[in-house]
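What TrEMBL says about this one:
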type    : residues : note
REPEAT  : 181-215  : repeat 'PPR'
REPEAT  : 216-250  : repeat 'PPR'
REPEAT  : 282-316  : repeat 'PPR'
REPEAT  : 317-351  : repeat 'PPR'
REPEAT  : 352-386  : repeat 'PPR'
REPEAT  : 387-421  : repeat 'PPR'
REPEAT  : 492-526  : repeat 'PPR'
REPEAT  : 527-561  : repeat 'PPR'
REPEAT  : 562-596  : repeat 'PPR'
DOMAIN  : 666-1043 : domain 'Protein kinase'
BINDING : Lys695   : ATP binding site
Amino acid sequence: MLRILKLSTSSRSVPLTRLWLLQLPCFCSSSSSSSSLLSVPSDDHIVRLILDQKSASGALETFRWASTFPGFIHSRSTYRALFHKLCVFRRFDTVYQLLDEMPDSIGLPPDDAIFVTIIRGFGRARLIKRVISVVDLVSKFGIKPSLKVFNSILDVLVKEDIDIAREFFTRKMMASGIHGDVYTYGILMKGLSLTNRIGDGFKLLQIMKTSGVAPNAVVYNTLLHALCKNGKVGRARSLMSEMKEPNDVTFNILISAYCNEQKLIQSMVLLEKCFSLGFVPDVVTVTKVMEVLCNEGRVSEALEVLERVESKGGKVDVVACNTLVKGYCALGKMRVAQRFFIEMERKGYLPNVETYNLLIAGYCDVGMLDSALDTFNDMKTDAIRWNFATFNTLIRGLSIGGRTDDGLKILEMMQDSDTVHGARIDPYNCVIYGFYKENRWEDALEFLLKMEKLFPRAVDRSFKLISLCEKGGMDDLKTAYDQMIGEGGVPSIIVSHCLIHRYSQHGKIEESLELINDMVTRGYLPRSSTFNAVIIGFCKQDKVMNGIKFVEDMAERGCVPDTESYNPLLEELCVKGDIQKAWLLFSRMVEKSIVPDPSMWSSLMFCLSQKTAIHVNSSLQDIIQNRDMSCSSSSGSEEDDEGFDAYRKGGYHAVRIGDQFAGGRYIAQRKLGWGQFSTVWLAYDTRTSNYVALKIQKSALQFAQAALHEIELLQAAADGDPENTKCVIRLIDDFKHAGPNGQHLCMVLEFLGDSLLRLIKYNRYKGMELSKVREICKCILTGLDYLHRELGMIHSDLKPENILLCSTIDPAKDPIRSGLTPILEKPEGNQNGTSTMNLIEKKLKRRAKKAAAKISGRRVSIVGLSETPKKNKRNLDGIDMRCKVVDFGNGCWADNKFAEEIQTRQYRAPEVILQSGYSYSVDMWSFACTAFELATGDMLFAPKEGNGYGEDEDHLALMMELLGKMPRKIAIGGARSKDYFDRHGDLKRIRRLKYWPLDRLLIDKYKLPEAEAREFADFLCPIMDFAPEKRPTAQQCLQHPWLNLRTQNNEDDIEGQMSNMQIKGSCS
């Protein structure tokens, strides 16, 4: 104690005393200032003062100054604080000196905490020998080193050298009779794992078990991490099964490892187990799982994972949310991505620049360039600083999307921006590609020249290569190109185009293909003018099949071949006399809507007539026959047929009259119609002796999945309506049918009559009597009420085409009323169902009939209005107006919607356009549009594109002209609201609206009696409320007074007839 006191006479003690006087009142318990100055400071206060010092000498002086206080005695805690500061500044000699003084100064030897502090200090200074010597230092004080001291030494040694640590463990610890605990083995396992000594790690694990030390989760997790880091995830999973109590870290390690290997199933199984045990993975693990799901296109499942983690109290950050945004963008679901973006803001995950960049890239990928520009401008409004990736992404998207001039404007903004430093060539190459894609070669070269100030070397090399391509030697060209690539240069699209042409001309096809692959990898699809040179090169080398394969490959990548792509290939095949391959190639070309030029026709026809026994005319007849085969059994409709192109692998199944299905139960009679996904045939059910409708789906996977979904909905509807009274089409059977184009899912439905659209056409687009409209409306509402209230189903595509009358308009087309005799076997004759000449004649007659009708119409118009024949009004009295809702291909369960954009344009509800979410009320909106169309013969809304605005905005304008201004809350509440409305809820591009309320429209334009018009408008207007939740349900509509009105037409007719009779009687 005397030595410490002698050292305390330094002049520096004065400021410390002042500091003490200033700080002491905060730490002393006495209330008076005089007593505070005489109070003894606490150990904690001195410890804090020592630790606050910025130098070793300051720490020492503070320590010695504290000794001057009467009654104050240093403790182990103050010594430990001092040792810590001395070790930080590497004053180890002083440490030894003070250690020797400790027993005399405070009457206590150093404890474990002090030795651990010294061990860590030696470790930070990498004084390994001194670290090991602490064992002897402890013994010097007559103390046996504890396990804690040994573990601390071991912890330092494993970080330095695992072999030294292992030797210390065996020669020092075990020799001293110290048995390691689980913490000891955990330290050794960490060292073995860090050096990838996995085998030794397993041995250590076994030693622990035999020594009676149960491995804890930390030991296991350390070894698991090492296994996963070395790609042995399967072995890690097996090791996990040995763990009695895995923790959240265990699952984080293994789930992340499986995600790194893109093993989605295993990671999802472990994630589910993690949740079931009550653990929640950390945000990094969650993000990895979501990323793998999104890479697989399973973004909805990634969203479920995110929501589950949130619901369980787990942490989620903007990086995880960005992963979802990226996933939606990759699928092209930009409206969903935009809606999730808004949801991020609502939840407090503030979008960053990466979020905006992802949205811009997504909009560019799907061609929504205006939305990309809007998002770019929103960044400025939202105080998000643009970075290079922002500019580069948008310039690239605009250039590839055919708006290079807009891309140039963004490039100029980038050059003026203070957030992008240093010129990078990528966006400039994008602009050059844009000029190339738009065939603006002069602009591209001029722009390349302007780049010289920023990229002098790159521009110089580019023009040098272009010059060599024109007139240089191949060796010089290759040397210059290799030099450019070797220096890290990237050729612009102009240079690549010139190189491909030059290489192909000189037979270097492999080099040309490498250049094209490089272009495609960078996202630059070559034009036909570029890759046609490669095709010519293949033909010169007599590798026509390679050329054909190359064309198909380019088409699959998104490039667009032209006539010049096929001409050299066809010419070579015709010269060789390979008719079959030439004809096949020609067919593929026609399928791609490429019109053959005269030389191609000449070559092909000459080849066919010379090399085959079939006459040219016969070949042409075969073309017509093949195109007509699929519709030869049509019902005689004047609608355009589905086209021959769709009868191929993955497409329609070619049906002939008499074809049998489902083991002969159903026999095709004639075609009823066709749709985007299927053809529909009248068939005879041999088991029940009834006529049915047979719907045959296209065979491609996406169409098969759509059919399965529709079958699910129809089966649910049929199960809930055993009496068949709910005005919904009935599913009778479903099965699979194998054909030459693949396996087709087939549905057998009850046979119904014509659609309401056909009825409207039959009535010559004139309005029906409201009594008949009421009858139809009751049936539609009955069907909707059943779907909505009892099944929880949304039709989502209600329109006149998808509502069928229960019987045909023309009794002759009804197989029952007309007494049609079923066809039970294939007709004799041509295998295709009808002779070729009959097919040709049928098609020519149809076209001649149409032409004659047009000529007749012209003659009538020339003769004059007085000679125009008047069309008699159609009589609808004999037609059964009962109808059913059909076509559930776009239907969905209300709690499991799978599409954002639903409904046919003219019948689309405003919430669908604005992407603000939808429910049953969208069907009610479509119903109102259909009811209006039945009553007037005209569509209620027929939007068109205009000057500066699109169909959607025109559609919204038409709605407001009819129904009044949309409430601001609804107008700005959707994911797409920004596309059409400003922040005040006004349309951005259509400012002047001409309001025409529904009742006045019915009176003024359609001449309905005022009372009837007002009653009809009162029925329809609530159903078209802009607020979906305010629209009445189908059940409520069925109770509306308008549906129960008695028509006055018959009574008026009777009164009119009676009046006429009285007039005649009086005249006579």
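Yeah, the Cβs are placed from backbone N, Cα and C, and that goes for glycine too.
TrEMBL: automatically predicted annotations, no manual curation.
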Contact set, same chain, for the repeat 'PPR' (527-561): CB under 8 Å, 6 or more residues outside the stretch: 436-437, 439, 496-497, 500-501, 503-505, 507, 509, 512-513, 516, 520, 568-569, 571-573, 576, 581, 585, 588, 592, 594
Spatial neighbours, same chain, of the residue listed as 'ATP binding site' - Cβ under 8 Å, 6+ residues apart: Ser678, Thr679, Val680, Trp681, Cys746, Met747, Val748, Leu749
Overall pLDDT for the repeat 'PPR' (562-596), taken as the rounded mean: 83
For the repeat 'PPR' (216-250), distant same-chain residues with Cβ under 8 A (at least six beyond the ends): 182, 185-186, 189-190, 192-193, 196, 198, 201-202, 205, 208, 256-258, 260-261, 263, 266, 274, 277, 279-282
DSSP three-state assignment for Lys695 (ATP binding site): strand
Counts of helix, strand and coil residues, the repeat 'PPR' (562-596), according to DSSP: 27 helix, 0 strand, 8 coil
